[in-house]
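According to Swiss-Prot, the substrate binding site annotation covers ASN242, MET271, TYR300, HIS336, SER356, ARG357, GLY358, ASP397, GLY398, LEU399, ARG400, GLU436, TYR463. Per Swiss-Prot, the feature Zn(2+) binding site maps to HIS440, HIS504; the stated evidence is sequence analysis. Marked as [4Fe-4S] cluster binding site by Swiss-Prot on the basis of sequence analysis: CYS584, CYS587, CYS592.
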Amino acid sequence: MNANPKFLSATATVDEAAIQPLPNSTKIYIQGSRPDIRVPMRKITQSDTAASFGFEKNPAIYVYDTSGPYTDPEAKIDIRSGLDTPRLPWILERQDTEELPGPTSEYGIERLNDPKLAELRFNLHRKPRRALAGKNVSQMHYARQGIITPEMEFVAIRENMNRRAYLEELKQSGPKGEKLAELMGRQHPGQSFGAAIPQEITAEFVRSEIARGRAIIPANINHPEIEPMIIGRNFLVKINANIGNSAVTSSIGEEVEKMTWAIRWGGDNVMDLSTGKHIHETREWIIRNSPVPIGTVPIYQALEKVNGKAEDLTWEIFRDTLIEQAEQGVDYFTIHAGVLLRYVPMTAKRMTGIVSRGGSIMAKWCLAHHKESFLYEHFEDICEIMKAYDVSFSLGDGLRPGSIYDANDEAQLGELKTLGELTQIAWKHDVQVMIEGPGHVPMHLIKENMDLQLEQCHEAPFYTLGPLTTDIAPGYDHITSGIGAAQIGWYGTAMLCYVTPKEHLGLPNKVDVKDGIITYKIAAHAADLAKGHIGAQIRDNALSKARFEFRWDDQFNIGLDPDKAREFHDETLPKDSAKVAHFCSMCGPHFCSMKITQEVREYAAKQGITEIQALKKGMEVKAIEFVKSGSEIYQKQ
């Protein structure tokens with residue numbers, strides 16, 4: 001990508017790499033109780049098991065898909081028009097919102113009327129919506145009224161990943177179908193640390209979890225383009241990807257490209273953390289083209305409005321920013337309302353002080369005015385805005401540790417307690433909440449973080465940045481944090497915020513975004529396996545079976561990154577014939593453990609004996625050969 005290329009709305013195009021279907025994959029839609037509930041999944045077709053392994057059909061497997069219409073060949077993608085709006089009929093039929101004449105925030109009106117921005121602006125013809133006076137349009141409010149919304153049914157179907165149909169197809173696949181279904185459906189019992197994961201996710205279970213505050217569906221009424229997803233301890237672990245420009249690099253086009261690239265590889269949510277030029281316009285382009293929820297940190301943009309002087313921030317400026325972003329369709333706001341004046345001195349003893357941008361902004365404001373922040377003082381006013389658009393809180397950990405030296409200190413844990421108190425205030429308004437967490441934490445202190453969060457924040461979903469388990473690896477912090485992410489996901493964190501290799505070093509590009517996503521997909525999936533999430537092991541079992549049967553293309557295609565797997569294999573064995581070979585370049589044809597195992601099984605079958613008997617008999621034969629050869633360990637050639 002070129003540095004800061006000129007972006008023009010009239011010539012904006014989609015990233016061609018992001019709209020190619022993944023190998024041997026088809027986008028399918030599972031219909032719910034009504035025709036307009038169409039839940040996307042990715043169907044990965046497999047080849048048959050070769051006759052040499054006892055021929056059998058291998059039905060397609062189904063995996064969770066976050067790429068929206070971008071990987072659907074039948075969808076017409078034009079980022080200048082944005083995506084279709086599948087949620088709009090659901091929002092309208094509830095009859096609890098009104099269409100506004102246009103933006104109502106001062107800043108939104110100002111940007112709309114600025115002729116210099118015409119060539120950058122996304123030309124949205126739809127007007128923003130807001131709750132009718134006295135109404136609450138949050139998914140939590142509906143859940144507490146006993147209402148199962150289409151969004152709730154959608155995520156229930158999505159979480160089950162068509163598992164029942166897959167196992168049924170296996171049973172019908174041939175004479176060995178029942179045995180095969182049992183084999184592929186088998187998984188190790190997990191340790192869920194008190195989570196309540198059901199055998200099957202139902203719409204009623206989704207409703208009850210949202211009503212209790214243990215899960216959220218981030219879904220602003222002004223973001224009808226999204227395919228609903230759920231964040232909660234009793235659901236699949238999700239991942240968030242951060243994108244956004246800075247004052248020195250990136251353009252609108254590049255950020256839209258990063259978003260489409262992130263969701264291709266499995267980003268469940270995306271946060272736009274832009275701090276550079278045209279924040280408002282960049283966000284509009286991202287939201288209108290995003291099928292996943294979009295989050296922001298509104299204080300970043302508010303700071304730009306006062307030329308970077310934290311002490312000049314006011315409640316009025318911040319309130320206008322919240323309304324501006326809510327009317328654009330932001331699904332969740334990170335708000336650092338837990339940074340209290342009394343906590344700031346506690347950070348003086350730290351190795352790395354306050355490392356959160358939002359936290360440092362609010363700490364500076366508190367010290368400059370010597371009082372609690374307007375975020376804390378106006379928290380109930382913020383709740384009124386959130387429930388008018390169904391924006392979820394992501395209560396920010398402004399005092400998170402920026403080094404393992406500072407992990408689990410009094411500032412971090414004091415703020416956590418305050419976030420729990422704010423959670424209960426938000427719930428009083430039926431506003432959805434998740435809690436942000438650290439940060440940098442050594443492995444032996446990670447579980448304490450999770451246990452304290454569950455206790456003090458009343459089981460609201462936890463959303464953590466890693467945590468990084470060591471500070472010695474700049475350039476590899478996707479790995480140092482992936483270790484902690486897998487652990488804390490197992491203990492109960494609902495969503496993991498990815499870290500890219502560029503963490504602490506620079507703004508990530510597309511390659512870094514993919515590396516971060518894949519690392520965190522691994523961590524999230526490992527956590528699902530460890531928790532014993534029903535059906536989580538099906539993909540592992542399918543890949544392992546393909547590996548044992550030397551179905552190379554199936555191995556590549558079932559994996560998280562088919563392109564990388566195929567590239568690595570082809571570096572040493574590039575010919576098509578190698579895709580059916582019963583060995584790889586690691587061990588070669590004579591030392592492949594799986595090939596040897598297959599030979600043992602074939603020998604046992606021919607002799608009419610068990611595999612254990614075959615191994616014993618083979619050892620006896622080799623012993624006789626050894627004695628006959630002179631009992632020398634090393635034979636002369």
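Note: Cβ is positioned from N, Cα and C throughout, glycine not excepted.
The CA atom of GLY398 (substrate binding site) is located 13 Å away from the CA atom of HIS440 (Zn(2+) binding site). Note: the Cα of HIS504 (Zn(2+) binding site) and the Cα of TYR463 (substrate binding site) are spaced 20 Å from each other. Geometry remark: ASN242 (substrate binding site) versus HIS440 (Zn(2+) binding site), CA distance 18 Å.
The two recorded residues, GLY358 (substrate binding site) and HIS440 (Zn(2+) binding site), show a Cα separation of 17 Å.
According to DSSP, ARG400 (substrate binding site) sits in a coil region rather than a helix or strand. Within the same chain, residues at least six positions away from ARG400 (substrate binding site) with a Cβ under 8 Å of its Cβ are VAL355, SER356, GLY359, GLN412, GLU436, GLY437, PRO438, GLY439, HIS440, LEU465. Long-range Cβ contacts of TYR300 (substrate binding site) within its own chain (separation 6+, distance under 8 Å): LEU273, SER274, THR275, ILE279, ARG357, GLY358. Largest Cα-Cα distance over the residues recorded as binding substrate, namely ASN242, MET271, TYR300, HIS336, SER356, ARG357, GLY358, ASP397, GLY398, LEU399, ARG400, GLU436, TYR463, equals 20 Å. Most other Cβ atoms within 10 A: among the binding-site residues SER356, GLY398, HIS440, TYR463, HIS504, that distinction falls to GLY398.
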